[in-house]
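What TrEMBL says about this protein:
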- 672-730: domain 'CBS' (DOMAIN)
- 57-78: transmembrane segment (TRANSMEM)
- 106-127: transmembrane segment (TRANSMEM)
- 157-175: transmembrane segment (TRANSMEM)
- 218-241: transmembrane segment (TRANSMEM)
- 253-275: transmembrane segment (TRANSMEM)
- 305-329: transmembrane segment (TRANSMEM)
- 341-364: transmembrane segment (TRANSMEM)
- 419-439: transmembrane segment (TRANSMEM)
- 445-465: transmembrane segment (TRANSMEM)
- 477-501: transmembrane segment (TRANSMEM)
- 507-528: transmembrane segment (TRANSMEM)
Amino acid sequence: MLDSNDHEFPLQSKNLPFSFYVQFQSLDYDNIENQLFLEEERRMSYLGFRCLEISRWVVCGWIGFLTGLIACFIDIAVEELAGFKYQVVKENIEKFTEVGGLSISLLLWAVLNAAIVMVGAIIVAYFEPIAAGSGIPQIKCYLNGIKIPRVVRLKTLVVKVCGVICSVVGGLAVGKEGPMIHSGAVVAAGVSQGRSTSLKKDFKIFEYFRRDTEKRDFVSAGAAAGVSAAFGAPVGGVLFSLEEGASFWNQMLTWRIFFASMISTFTLNFFLSIYHKNTGDLSSPGLINFGRFEGDSVAYNLYEIPLFILMGAIGGLLGALFNILNYWLTIFRIRYVHRPCLQVMEAMLVAAVTATVSFTMIYFSNDCQPLGPEHAEEYPLQLFCADGEYNSMATAFFNTPERSVRSLFHNQAGTYNPLTLGLFTLTYFFLACWTYGLAVSAGVFIPSLLIGAAWGRLFGILLAYITPNSWADPGKYALIGAAAQLGGIVRMTLSLTVIMVEATGNVTYGFPIMLVLMTAKIVGDYIVEGLYDIHIKLQSVPFLHWEAPATSHWLTAREVMSSPVTCLNRIEKVGTIVDTLSNTSTKHNGFPVVVQVLGNEEPAKLCGLILRSQLIVLLKHKVFVELARSRLTHRKLQLKDFRDAYPRFPPIQSIHVSQDERECMMDLTEFMNPTPYTVPQETSLPRVFKLFRALGLRHLVVVDDENRVVGLVTRKDLARYHLGKHGLEELQLAQT
């Protein structure tokens with residue numbers, strides 16, 4: 001068993017043509033309260049602490065502003081490019097409808113989609129694979145305390161923004177709202193550090209925030225600002241960060257996150273009003289505008305509550321089916337579609353198939369409806385319908401998903417016939433399931449809402465057929481179905497309720513949406529996990545859930561801990577430290593510091609804990625006892641030296657130590673954390689788990705009754721026991 005190693009959580013595949021070996025590091029959410037840190041804190045005046053608090057608010061304001069600008073850029077780019085593409089294809093279809101040869105229109109549509117998606121897939125697969133998908137699972141992992149490589153870098157943000165534009169314009173069954181959460185998190189991680197390590201530019205500001213604890217809080221604010229920009233839901237953004245992401249929460253953090261969300265919504269709203277030549281009109285605050293439910297469509301009665309619960313159960317079942325199908329599809333991709341060229345080809349294939357299926361559904365549909373002024377913002381196709389009419393199926397397929405959702409919510413009764421909605425639900429369900437997990441930047445929020453809105457409206461139409469005089473407009477059921485489907489897939493409850501209420505601008509449906517989401521979650525969780533949790537597990541991430549396994553009370557820290565532990569003496573030989581850090585078989589990141597009693601062979605007594613990153617900085621600056629005594633050091637090492645190296649600490653191989661220096665000694669007293677968290681070896685696993693989950697620990701030292709080190713508990717140890725035998729078998733199945 002590996003001892004203090006929280007670096008690796010490996011699963012190796014024998015069937016892959018290369019060694020599939022996943023490695024993750026934990027983040028240090030527990031402040032290292034060594035002598036340097038305490039001296040700095042004690043020197044700081046009350047005014048200094050107030051300035052730091054003001055700086056936190058300033059950073060959150062910048063996070064909201066920049067996230068809103070990015071959302072505005074994405075929205076304008078998608079509107080312009082998608083509008084141009086749809087106009088070209090529409091004119092081509094109308095031309096060949098009269099003279100024949102619609103196969104040319106199909107070819108044009110498929111080629112345009114495939115070409116645009118190819119660009120988005122290439123930049124993701126070849127330049128930054130971590131930018132694939134919505135990024136929500138990765139941000140959840142980051143806030144959980146796991147360092148996902150390159151997840152919050154500037155390059156990731158650029159690829160994410162360009163990739164999501166290509167995905168949406170390319171006609172894939174995706175949305176641009178989910179990736180905004182990842183984009184906001186990247187913005188937060190960059191702004192809060194006052195520098196860009198990618199651009200090698202340091203603005204010499206916010207240096208105090210260069211540690212994992214502070215960075216985590218700002219990333220929470222960035223994720224909330226992304227939700228706020230996507231849906232125009234500042235409160236929903238705060239609740240999303242609380243429900244889905246944050247591992248730490250307090251009242252002051254809540255206020256700052258709400259401030260960032262508010263600024264994000266305002267920024268997006270203001271600049272979009274300028275773009276739409278209606279400066280000052282702040283009535284459309286998000287990337288998606290569901291429109292307001294007014295008149296008869298707002299009312300609902302007591303006898304409809306059981307129907308809403310039934311729709312929630314349907315959403316849970318369909319969501320579970322979606323997740324199961326996507327789970328097996330992801331396993332197939334891990335096994336066979338792991339090369340970048342194959343990933344790009346699959347994305348192009350999905351784009352072409354999506355266009356072909358859409359065209360075929362539109363071509364064979366004879367659902368003609370009167371063309372009214374409400375279709376001014378859409379791209380209605382006449383095809384074989386009479387003058388003054390349009391093909392209803394085209395409204396669902398031949399538009400951006402956001403516009404299709406809005407039309408399903410608000411188009412008057414009779415706009416869609418049941419066959420159209422049934423066929424659309426079936427085809428779009430499988431297209432969205434196939435699309436999620438491609439090597440493109442894309443989200444699952446809008447496709448889920450669109451699927452649910454389609455079958456929800458169908459549900460309302462069927463009710464109207466059964467009792468014609470008892471039911472209101474079917475758009476109401478489209479909203480409930482959309483909430484049920486999205487809740488069944490992602491299993492969000494509290495935050496999604498508020499998001500839906502804020503996005504529709506009507507609190508009347510708050511209670512039905514709560515019922516639907518709770519029902520969808522209960523039904524879905526009984527069958528399979530949520531989509532994000534499934535993908536986290538398939539990536540072999542040592543994710544810690546809110547609670548310890550239900551049957552873990554019989555386990556103690558002794559059964560979970562890694563032992564023996566690699567320890568360092570308080571005054572240690574430099575050569576020993578270098579050899580310990582250079583050991584490639586076990587890349588430990590935390591080392592208990594002990595005091596060994598001379599002539600005593602019993603385990604040494606604990607006096608502190610020091611991290612790999614700290615030791616590397618000490619070696620880089622050659623903080624040796626002999627050099628200090630001979631006054632060869634120019635200055636005393638400060639916390640600034642550690643912050644300047646954060647977060648990309650150099651590898652031990654880049655640190656040159658001469659043979660003479662290897663014989664020197666290093667005093668760790670000033671730099672180690674003298675008060676690390678410890679537990680007796682009889683501590684129950686649930687208690688150990690709570691310490692890790694609530695405090696964001698990376699290492700927990702296990703001691704005996706005489707404070708002697710007997711073991712070390714790491715995130716890897718807890719994740720292994722949390723998964724259990726069944727979970728590990730699933731992971732091995734996924735990657736072999």
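The backbone N, Cα and C atoms fix where each Cβ goes, glycine too.
TrEMBL: automatically predicted annotations, no manual curation.
Between the transmembrane segment (341-364) and the transmembrane segment (419-439) there are 3 or more Cβ pairs closer than 8 Å, counting only residues 6 or more apart in sequence, so the two stretches are in contact. For the domain 'CBS' (672-730), the DSSP counts in helix, strand and coil order read 27 helix, 17 strand, 15 coil. Within the chain, the transmembrane segment (507-528) has long-range Cβ neighbours (under 8 A, six or more residues past its boundaries) at 293, 298-300, 304-305, 308-309, 311-313, 315-317, 319-320, 323-324, 327, 476, 479-480, 483-485, 487-489, 491-493, 496-497, 500-501, 534.
Only pairs six or more apart in sequence are counted, and the transmembrane segment (157-175) with the transmembrane segment (106-127) gives three or more Cβ pairs under 8 Å, enough to call it a contact.
Contact between the transmembrane segment (253-275) and the transmembrane segment (57-78) holds: at least three of their C-beta pairs are under 8 Å, each pair 6 or more apart in sequence. Pairs of Cβ atoms less than 8 Å apart link the transmembrane segment (477-501) most often to 305-329, out of 57-78, 106-127, 305-329, 419-439. Fewer than three CB pairs closer than 8 A are found between the transmembrane segment (305-329) and the transmembrane segment (106-127), and contact between the two stretches is not assigned (pairs 6 or more residues apart). Panel annotation: around the transmembrane segment (419-439), residues 121, 124-125, 129, 132-133, 172-174, 318, 322, 325-326, 329-330, 333, 340, 343-344, 346-347, 350, 353-354, 357, 361, 365, 367, 392-393, 396-397, 447-448, 450-451, 454-455, 457-458, 461, 531, 535 of the same chain, lying at least six beyond its termini, place a Cβ under 8 Å from a Cβ of the stretch. Here the transmembrane segment (106-127) has Cβ contacts under 8 Å with residues 81, 85, 88-89, 92, 155, 159, 162-167, 169-172, 340-341, 343-344, 347-352, 354-356, 358-359, 438-441 of the same chain, all six or more residues outside its ends.
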